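Per TrEMBL, the features are as follows:
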| type | residues | note |
| --- | --- | --- |
| DOMAIN | 63-215 | domain 'Alpha/beta hydrolase fold-3' |
| ACT_SITE | S145 | active site |
| DOMAIN | 275-335 | domain 'Alpha/beta hydrolase fold-3' |
| ACT_SITE | D302 | active site |
| ACT_SITE | H332 | active site |
Amino acid sequence: CHLIHYLRLSHHLIVLNYLICTFDKLKSVSSEDINITDAVFDGVEVRVFEPPAKRDERLKRSVVYIHGGGWALASARTSLYNNLCRIMAESLNAVIISVEYRLVPEVCFPEQFHDALRATKHFLQPDVLAEYSVDPSRIAISGDSAGGNLAAAVCQQLSKDEHLTIRPKLQALIYPVLQAFDFNTPSYQQNMNMPVLPRYVMINYWIDYFNGNYDLAYSLLINNHTALDVGQALSFRRRLNWTSLLPSSFKKNYKPVIQTTGKAEIIREIPALLDVRAVPLLAENETLQLQPKTYILTCENDVLRDDGVMYAKRLENAGVEVTLDHFDDCFHGCMIFTIWPTDFSAGIQTRNSYIKWLDENL
């Protein structure tokens, strides 16, 4: 894929996603237990999973789910996410709305955020909820990885919308990517070469999401964009001080990487690096106080571990009830790997824990 990109035959992400979807995409086929249909919510494609109505049951609970893939890969229609959402619908007896937001390189930030927000707001309309027999008081927003990023950002935006009459009861974030301020948190240092999501790959995902230049990758890696002399970053520094937000078991013996002098032009070229719609961990406390009851799943062998742990701590400090579900022996992306040939015990373990929390709290 990178050779194709280098030769300018196509963008490597287009090729990679084409290969993924060609071999994996499922048609909208309903099972005996779950009715699966495709719809369009305010111009955004979604896949809807509906369990059959039960006797004497009037309204169901619901989850809006946003898939991962670095804002560039995968689909609500691939077997991995199709299987996850079907199992969620069956286990929770809930209506699952899986958002098919547009991907890099077709669009870049903030379009993925806008797609997820538009689809969610459309679903939260009373007449739409009534159409799907959903209880307005029992709705969760959820997502994994980049989808967890979008879910958190959407939840923050909804909490500030004074015109919204129906709001989510819960948010559930699965190993979410929440910040591009510091690529040297302990988990980034500890897992920099970990398979599935090495640090350089995550940095490249951010660059692609922001339609930036790959030449900036090394400067981002060593935190030149948030050096002490970069004035735009100073006001955000206290919101992402991992030395105070992480427990000692996660900090271990790692040291902060804070450059004295850096490159302020990086922020001028890519201002989205400090845009809370892209980096929800940088939100102000007044916004965090408005967030619903929250579940955050993190994995030890994941560069994004500390993103989730820091967000949990900031939400907790803001008075939000938070469940941090940490797995010492799991890795980034594991929850969707539950079907052959990638049926891992880590996937079953994390998925069961996630669904159990939803079942008990939604």
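Glycine is no exception: its Cβ is also placed from the backbone N, Cα and C atoms.
Note: TrEMBL annotation is automatic and uncurated.
The average pLDDT computed for the domain 'Alpha/beta hydrolase fold-3' (63-215) is 96.
Per DSSP, the domain 'Alpha/beta hydrolase fold-3' (275-335) is made up of 22 helix, 19 strand, 20 coil. Of all Cβ atoms in the shown protein chains, 26 besides its own fall within 10 Å of the Cβ of H332 (active site).
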